[in-house]
Amino acid sequence: MDKYDKIIDLTKRRGFLWNSFEIYGGIAGFFDYGPLGAILKNNVINTWRKHYIVNEGFYEIDSPTVTPYEVLKASGHVENFTDPLVECKSCLESFRADHIIEENVDVDTEGKTLQELQEMIEKNNIKCPKCGGEFKEVSTFNLMFATSIGPGGKRAAFMRPETAQGIFIQFKRISQFFRNKLPFGAVQIGKAYRNEISPRQGVIRLREFTQAEGEFFIDSRKKENFEKFESVKEIVLPLLSGKNQENESLSAEEKIVRMSLSDAVKNGIIAHEAIAYYIAVTKKFLMEIGIDESKLRFRQHLPNEMAHYAADCWDAELYTDRYGWIECVGIADRTNYDLLAHMKNSSEDLSVFVELDEDKEIEVYEIELNYKLVGRTFKGDSKVLEESLKELDDKKMEELVEALETEGKYVLSTCKRDFELLKEYLTAKKVKKTVKGEKIIPHVIEPSYGIDRITYCVMEHAFKEDEDRTVMGFSNAVSPIKVGVFPLVNKEGMPEIAMDLKNKLRENGLIAEYDDSGAIGRRYMRMDEVGTPFCVTIDGETLTDSSVTIRERDSREQFRIPINEVVPYIKDKLN
């Protein structure tokens, strides 16, 4: 058994992870969290909440997982959320084209076109691993689970592929909550769905998974000189830049460069201070939940693998024994792509008014309608036209004026109808105006976390074996059971004292487990295996001097303290 198999065996035995639908044969891409796994995962999430909600001042929302078609059409997911698919001509089994190539040839398929993938399959004579048959042509497969809303299937929808869109859709409400003052951030934690073609990587590649995403809305002019960056600029991180990835003269080790965030921004490796800051926040979070720092790196996306919405993106990748480096966090500059897309498709104004440092004199177009002609032509819709003209930005106004001058007409599209405007319907003249602010479409920095992958890596990085025990060396922040409480023997009042102590620990918010079965050494081993950092034993001395033995998991050190000091001692150590 390799390390992965040992961990999966332990997690199944001890109630961390179980195959979903197991009594019906199971389905690839789905896992259940058992009692200890659910606590572990929630501890990871709550630590994440501490970093983003408590420390960073974001607020959390909770939106539906079923998402109307038009939302994901506007966001680009209907067109772009795809993977390359190959299907066997003989057995009709489907596979990810890029994965099947990498399993047979030592080559990186990241960013390759469908044609390039097809050529690789043909050149290397790659066959179906199930039956040895030939593959059909490589095609694209949309990863979203399709569904419908209501009877009759009239309202097309999808299970959401990411939690982020719920935040963008509610941007106006969120902005009002923050009194329309940039910058501000919102987070959402919940299920997302991707209909993976052939998930064969256990808990690493799931069809239903938990995301924790933050959307930080900021004036694009503030990204370069981000106020909070000063506090993290000297943090040194292992960076794998896009430039180094493409430099074939460098070895794999040479491509990763350790440098401060300050130098990375200064040298143009990281786009700006705002994205660098959230890379630092990500590192702090991963360290607190027990990720091995030597198994962490930050890799920049290459241009040909960048998401359709991103201007720059860095992945926090964690090393695993079986699967190598896996992407667990993406920190992306989504620019104003999403807000612009939803503005265009919903006709809602998703801009924010920002005050200028000083008053500014600008030239703007002033529109004067020929109300007689407009009223005769558009009748009851004249008011809609007037309001729509007021909402036009400078670029659209320039476009309108130029079209009327050169072509004599212009079609203005609104959410209610299209207006075909003729030159005689209005006059537009430039006037000077003093303004105290302006409307902008905020840019978005998005830290997006795959909670399930992170939780698995927490388990793998915590897993240790020696001659006589297996240990899950969880950090205090995430360990599911905080204290094991044991009576040395089941007599002389020791069980009653132990049970009373367990109840006091629980009353103080600590999950404590009572165990009176087997030799004390076996009980320690059971607690080590599930990552419990402290064990307390009630023994003969407890009956005479009210002291107990505390045993620490990692050092195995044992010492005595008064029983009435156990709760404050452990709370202090855990914090």
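In case you wondered, yes, glycine gets a Cβ from its N, Cα and C as well.
The model shown is predicted, which means the values in this text are computed figures rather than measured ones.
Copied from Swiss-Prot, the annotated features are:
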type	residues	note
BINDING	ARG96, GLU162, PHE209, THR210, GLN211, ALA212, GLU213, GLU446, PRO447, SER448, TYR449, GLY450	substrate binding site
BINDING	194-196, 204-209, 327-328, 450-453	ATP binding site
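Taking the features listed in Swiss-Prot, we show where each one sits on the structure.
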residue	record	Cβ within 10 Å
ARG96	substrate binding site	22
ARG194	ATP binding site	21
GLU196	ATP binding site	18
ARG205	ATP binding site	21
ARG207	ATP binding site	17
PHE209	substrate binding site	19
GLU213	substrate binding site	23
CYS328	ATP binding site	25
TYR449	substrate binding site	26
ILE451	ATP binding site	19
A correct count of other C-beta atoms within 10 Å of the C-beta of GLN211 (substrate binding site) gives 19
If you run the three-state DSSP split on ARG96 (substrate binding site), which class comes out?
-> strand
Based on Cα coordinates, which of the following binding-site residues are within 10 Å of ARG194 (ATP binding site): PHE209, GLN211, TYR449?
-> PHE209
Other than its own, how many Cβ atoms are within 10 Å of the Cβ belonging to ARG453 (ATP binding site)?
-> 23
What subset of the binding-site residues GLU196, ARG205, ARG207, CYS328 lies within 10 angstroms of TYR449 (substrate binding site), using C-alpha positions?
-> CYS328
Rounded to a whole number, what is the top Cα to Cα distance in Å among the residues the record ties to substrate, namely ARG96, GLU162, PHE209, THR210, GLN211, ALA212, GLU213, GLU446, PRO447, SER448, TYR449, GLY450?
-> 27
Could you check which of the binding-site residues (GLU196, CYS328, ILE451, ARG453) sits closest to GLN211 (substrate binding site), going Cα to Cα?
-> ILE451
Distance, ARG96 (substrate binding site) to GLU196 (ATP binding site) (CA atoms, angstrom) = 9
Report the same-chain neighbours of PRO447 (substrate binding site): residues 6+ apart in sequence with Cβ closer than 8 Å to its Cβ, ordered by sequence.
-> TYR52, GLU213, GLY214, PHE216, TYR278, VAL281, THR282, VAL329, GLY330, ILE331
Tell me whether ARG453 (ATP binding site) sits in a helix, a strand or coil according to DSSP.
-> helix
Determine, to the nearest whole angstrom, how far the Cα atom of ARG205 (ATP binding site) is from the Cα atom of ARG96 (substrate binding site).
-> 12
In which DSSP state, out of helix, strand and coil, do we find ARG205 (ATP binding site)?
-> coil
